[in-house]
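Asks: Before anything else, here's the structure in question.
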Amino acid sequence: MAFGDILEQNFVAVVPPHYCSVHANFSQSQLSPEEKLLVTVPLDQAGEPHRCQRYVAPQWHLLDRNGSFSSEEEQSQGEQGLAVDLQECRDGWSYNMTEMTSSIISDWDLVCDLRSLKQMGQTIYMGGVLVGAIIFGGLSDRYGRRILLLISNMLMAVAGTCAAFSPSFPLFCLFRFGCGMALSGLGLNTFSLIVEWIPTRIRTVTGTITGYCYTLGQLLLAGIAYFIRDWRWLTLAVSLPFYVFFLISWWFHESSRWLALNNKHEEAVKTLKSVARFNGRHEEGEKLDIKMLQESMKKEMSSSKGSYSVLDLFRTPKMRKMTICLSAVWLSTSFAYYGLAMDLQKFGVDIYLIQVIFGAVDIPAKVVITTCMSFIGRRPSQCGALIIAGVTILINVVVPYDKQTLRTCLAVVGKGCLAASFNCCYLYSGELYPTIIRQNGMGWVSMMARIGAMVAPMVLLTGDHIQWLPGFIYGGAPILSGVAAVFLPETLGTNLPDTIQDVEERELQKSSKMPPKEAVILQDTQANLLKQAA
């Protein structure tokens, strides 16, 4: 549901057909709306009423003697349009609200000279996601995953509610910025808890099931928006569930890994025993004590002493190479994904239908990527999803614009591959980064993803000069990052690294076929406790 919030802009910021309102002193009330439109608004090059200009004075000669318009004179007016004085819409705009009863566009007249504010609003939201990735990544490593998850749920609920009742566009942007921050906190801390609690053998499936929550959020958003056509009520409806999620989050356990590595051994043992009892493993849980925990985590706890920052992601050779490659993967995935998904009106299809299609394609895409990750491996799955997505988008560049059905189908395939890439890189990144700086690492790559999302709308501006350039950039970026992903290590069936030293030694251990010196680590302890869950 949280990730459905990021696509809310497709509905609350729908741009309805619009044209200049009639002159304030217009007195011919007996005319029909079509006739008023004819005498006050000129036609554009496509033969549609101009969206941003009107006649300085009503053109009565366009009406015949019976009070209806003459097609011959309308054609003549089109040919002589340059000789008629025009002006901007000084009395506002009239909107054809067929898809929504209201939107932020119609409420605050974000059209014509102000039309760029729509994209600015989405950029501000993505800026909040970017800031949230930076802030929440570091805070959760210091204060824990659970408390930051609680804060993020409450922030999303409160900021979303305030956005629904915003009296002005600047305040709306401010509260959407808060929603963006909350989105990062929810994503980072949810996936960290999943990676740090779930045993290796079912980690892929669990991560994918969580990914389907994003798919469900997209489908629910389309359904809710279909029945709630007012943008304020829609925003409120999307925000209210987070009050419930906040209450549910109180039942979550803090990561025992994080507790152990932050010298909170009693809490870690207590948490592990609680999980053991929940899963019916009473005997194993009773055997756990602080001494056993300290023995199993001896190397990890000794290496975790001291503070870590984002700089540690680049300090050692393998960490540096891994971070650069993951940055490219996340940036390009987000860049191309939101380039496709954030402007549904451009496909010329009903926005509710295309939202359902874009959401539904995630289902087979994630089934395929889950199978590939489990049997082929994380690295080839990540590379394949990105390269196929890029190729599909590039093919779309050469498809004629009038073939909307084919273009939409190709876009849906590309979006499915990018959704699969997102599903893979969340799990893959969590497995690659060590526990002591996992949140810093996830915060960094999430920041790269948000930069990609912020840049995506700007690329569309290049289409004003070279029509095919946006598609070429959207398609080329995933292909290049797919090649970069080849240089990442494989993590299928491996234990989570707890320290930077574990990451540096990973390739050596793999090549020597020898097990790590610490044969028993906390991940295995948790795996034994949880393997009979459900």
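A Cβ is built for glycine as well, from the same backbone N, Cα and C atoms used for every other residue.
Copying in the features that TrEMBL gives for the protein in this structure:
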type	residues	note
DOMAIN	1-493	domain 'Major facilitator superfamily (MFS) profile'
TRANSMEM	123-140	transmembrane segment
TRANSMEM	147-169	transmembrane segment
TRANSMEM	175-197	transmembrane segment
TRANSMEM	209-228	transmembrane segment
TRANSMEM	234-252	transmembrane segment
TRANSMEM	322-340	transmembrane segment
TRANSMEM	352-376	transmembrane segment
TRANSMEM	383-399	transmembrane segment
TRANSMEM	405-429	transmembrane segment
TRANSMEM	441-462	transmembrane segment
TRANSMEM	468-488	transmembrane segment
Asks: Cβ under 8 Å to the transmembrane segment (123-140), counting only same-chain residues 6 or more beyond its ends: which ones?
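Replies: Here the qualifying positions are 6, 9, 148, 152, 173, 176-185, 188-189, 192, 309-310, 439-440, 442-444, 446-447, 449-451, 453-454, 457.
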Asks: By a Cβ-Cβ criterion of under 8 Å, what residues six or more beyond either terminus of the transmembrane segment (405-429) are in contact with it?
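Replies: Residues 187, 191, 195, 203-204, 207-208, 211, 214-215, 326, 329-330, 333-334, 336-337, 340-341, 347, 349, 354, 357-358, 361-362, 364-366, 368-370, 373, 378-379, 381-382, 385-386, 388-389, 392-393, 395-396, 399, 441-442, 445, 478, 488, 491 contact the transmembrane segment (405-429) from elsewhere in the chain.
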Asks: Need a quick answer: max count of Cβ pairs under 8 Å to the transmembrane segment (209-228), which of 175-197, 234-252, 352-376, 383-399, 441-462 is it?
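Replies: Looking only at 175-197, 234-252, 352-376, 383-399, 441-462, the most contacts with the transmembrane segment (209-228) come from 352-376.
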Asks: Counting only CB pairs under 8 A, let me know which of 322-340, 352-376, 383-399 has the most with the transmembrane segment (441-462).
Replies: 322-340
Asks: Looking only at residues six or more beyond either end of the transmembrane segment (352-376), which have a C-beta under 8 A from one in the stretch?
Replies: 7, 10, 99, 204-205, 208, 211-212, 214-215, 218-219, 221-222, 225-226, 341, 344, 384-385, 408, 412-413, 415-417, 419-421, 423-424, 427, 492
Asks: May I ask for the residues of the chain that lie six or more residues beyond the transmembrane segment (322-340) and have a Cβ under 8 Å from a Cβ within it?
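Replies: Same-chain contacts beyond the flanks: 313-314, 382, 386, 389-390, 393, 411, 414-415, 418-419, 421-422, 425, 429, 432-433, 441, 444-446, 448-453, 455-457, 459-460, 470, 474-475, 477-478, 480-481, 484-485, 487-489, 503.
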